[in-house]
């Protein structure tokens with residue numbers, strides 16, 4: 001946050017900034033007296049750091065995308081199942097246990113314990129190392145039980161990453177570009193999915209091709225684990241640990257010379273102190289009042305993101321396309337093309353999310369997906385039911401493929417990236433880690449359901465399954481129309497926005513920003529180690 005980021009009437013007076021910095025134990029006269037204290041970085045540097053952090057999303061996408069092709073490979077059946085075809089229940093379990101691992105890792109008690117000790121940066125390093133362990137076990141797996149163990153560990157790694165990477169990106173990004181920067185996470189996910197689909201397509205004919213498809217993931221996993229250790233720590237996390245000097249040093253590294261880093265530090269500190277004034281963090285406060293309402297919004301958004309139906313194509317793309325085209329090689333090709341569409345369609349979000357806003361994209365995206373799912377349900381049931389396969393001729397095949405690609409397009413510019421952006425913005429600093437852990441858990445619960453249920457649903461009711469997804473997307477349209485817009489606002493301003501929205505225009509009590517908290521004065525509980533830089 002700089003002077004230009006704040007509304008004119010809300011600019012912090014110079015004397016107030018200086019007094020607050022003094023309270024934070026800063027004694028450097030140059031820091032206290034200069035009219036502007038700029039940084040040595042730039043937006044380009046922030047984008048590069050956020051883009052590397054997004055490699056965590058790339059790992060997520062690889063694990064999300066490879067499993068559908070691997071389960072359909074003859075070499076997987078030969079090596080793991082003794083040549084037998086994988087059953088629907090086994091397929092759902094292999095896919096779904098990944099989500100269970102993610103739920104465990106992102107559980108608030110687990111994720112907050114890790115983040116409190118090592119920070120978001122340390123959590124990303126740990127996530128990268130755990131990812132490599134899971135990939136190694138899966139690639140070596142001689143039987144289904146070992147495969148399930150590796151999938152669970154890989155899921156735990158992605159749970160750590162998905163609960164931290166978007167928050168980290170949002171906390172280092174300037175307000176006017178935060179949407180596009182956090183959207184890099186979803187772009188990286190789609191890139192990982194696309195690469196996994198194409199690797200499956202090319203490796204599928206090879207003996208042990210499924211093993212190569214998994215073991216190749218060790219390369220980006222190792223790069224991410226090593227590189228994440230050199231990234232700057234989140235300044236807002238450092239403030240929450242009362243490491244103010246380290247937070248200022250980080251801000252000086254990532255902000256430009258015309259941005260007054262003291263303003264952002266003081267605004268973050270005031271928000272932190274306001275939240276501390278309500279007492280220590282506890283689960284009763286988290287689940288009640290305004291915190292509970294905002295948490296519910298995040299949980300519903302993440303559930304709807306998964307239950308909208310898109311991941312049916314990510315997890316079971318070859319299976320769905322095989323039902324349409326009745327040719328295994330064609331099914332792999334169309335699945336790979338769907339990954340390409342998913343990747344390319346995320347780019348509009350980068351351009352539009354900070355211009356049109358979050359809620360506009362969510363509404364348009366959900367409406368588009370509802371229409372596409374209705375087409376898939378109607379045409380699929382009429383032309384590709386078990387009793388009358390392909391009864392409508394070749395046009396119906398391409399109508400189905402077109403509806404699938406359009407559904408992916410609508411998801412990729414809207415509900416795919418924007419939900420991660422919105423959830424990275426709306427939670428208070430006091431409960432950010434726990435709240436984001438819970439909403440990430442909700443995402444993975446939905447991921448488990450979408451990974452486990454569709455094989456059974458497609459067996460029982462066929463393409464009528466997509467009527468369910470159409471209804472879910474209509475709920476998404478309704479929710480998008482009532483949520484407040486957060487584009488262009490600082491994270492601290494978003495807290496005021498939600499307070500006013502939840503309390504019918506009532507302003508956040510200004511005296512809370514200046515509340516006394518004597519336990520903070522004269523004490524910085526944790527050292528400002530240079531290793532955090």
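Placement of Cβ uses the backbone N, Cα and C atoms for every residue, glycine included.
What TrEMBL lists as transmembrane segment is 45-67 (among others).
What TrEMBL records for 49-488 is domain 'Major facilitator superfamily (MFS) profile'.
Positions annotated as transmembrane segment by TrEMBL: 94-115 (among others).
Under the heading transmembrane segment, TrEMBL lists 122-140 (among others).
Sequence annotations record features per position, and here TrEMBL assigns transmembrane segment to 152-168 (among others).
Feature annotation from TrEMBL assigns transmembrane segment to 180-203 (among others).
When Cβ-Cβ distances below 8 Å are used as the criterion, the transmembrane segment (209-231) is approached by residues 49, 52-53, 55-56, 58-59, 62-63, 66, 69-70, 73, 75-76, 79, 121, 124-125, 127-129, 131-132, 135-136, 138-140, 196, 199-200, 203 of the same chain, each at least six residues removed from its ends. According to TrEMBL, the feature transmembrane segment maps to 209-231 (among others).
Residues or ranges marked as transmembrane segment by TrEMBL: 294-318 (among others). Among residues of the same chain six or more beyond the transmembrane segment (294-318), those with a C-beta under 8 A of the stretch's C-beta atoms are 64-65, 67-69, 72, 95, 193, 197, 286-287, 328, 331-332, 334-335, 338-339, 342, 366, 369, 373, 404, 407-408, 411, 415-416, 419, 422-423, 426-428, 431, 435-436, 438-440, 442-443, 445-447, 449-451, 454-455, 458, 465-466, 468-469, 472-473, 475-476, 479, 483, 498, 502.
Non-local neighbours of the transmembrane segment (330-353) in the same chain are 65, 68-69, 72, 179-180, 183-184, 186-187, 190-191, 193-198, 200-201, 204, 313-314, 317-322, 361, 401, 404-405, 408-409, 411-414, 416-418, 421, 487; each lies 6+ residues outside the stretch with a CB under 8 Å from one of its CB atoms. Annotation source TrEMBL lists transmembrane segment at 330-353 (among others).
Taken from TrEMBL, the feature transmembrane segment covers 360-379 (among others).
Sequence annotations record features per position, and here TrEMBL assigns transmembrane segment to 399-422 (among others). Only residues 6 or more beyond the boundaries of the transmembrane segment (399-422), in the same chain, are considered here, and those with a CB under 8 A from a CB of the stretch are 166, 170, 178-179, 182-183, 185-187, 189-190, 298, 301-302, 304-305, 308-310, 313, 320-321, 324, 334, 337-338, 341-346, 348-349, 352-353, 358, 361-362, 364-366, 368-369, 372-373, 375-376, 379-380, 383-384, 476, 483, 486.
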Query raised in the report: Any chance the transmembrane segment (180-203) and the transmembrane segment (94-115) have 3 or more Cβ pairs under 8 A, given the pairs are 6 or more apart in sequence?
Result: no
Report summary line: Maximum Cβ pairs under 8 Å to the transmembrane segment (152-168) among 45-67, 94-115, 122-140, 360-379 is reached by 94-115
Requested in this report: With a Cβ cut-off under 8 Å, give me the same-chain residues at least six positions beyond the ends of the transmembrane segment (45-67) that come close to it.
Outcome: 94-95, 98, 124, 127-128, 131, 151, 154-155, 157-158, 161-162, 164-165, 168-169, 172-174, 177, 181-182, 184-197, 199-200, 213-214, 217, 220-221, 223-224, 227-228, 231-232, 253-254, 311, 314-315, 339
Query raised in the report: List, by number or range, the same-chain residues at least 6 past the transmembrane segment (360-379) whose CB is under 8 A from its CB atoms?
Result: 304, 308-310, 349, 352-353, 392, 396, 399-400, 403-404, 406-407, 409-411, 413-415, 418-419, 422, 463-467, 469-470, 473-474, 476-477, 479-481, 483, 485
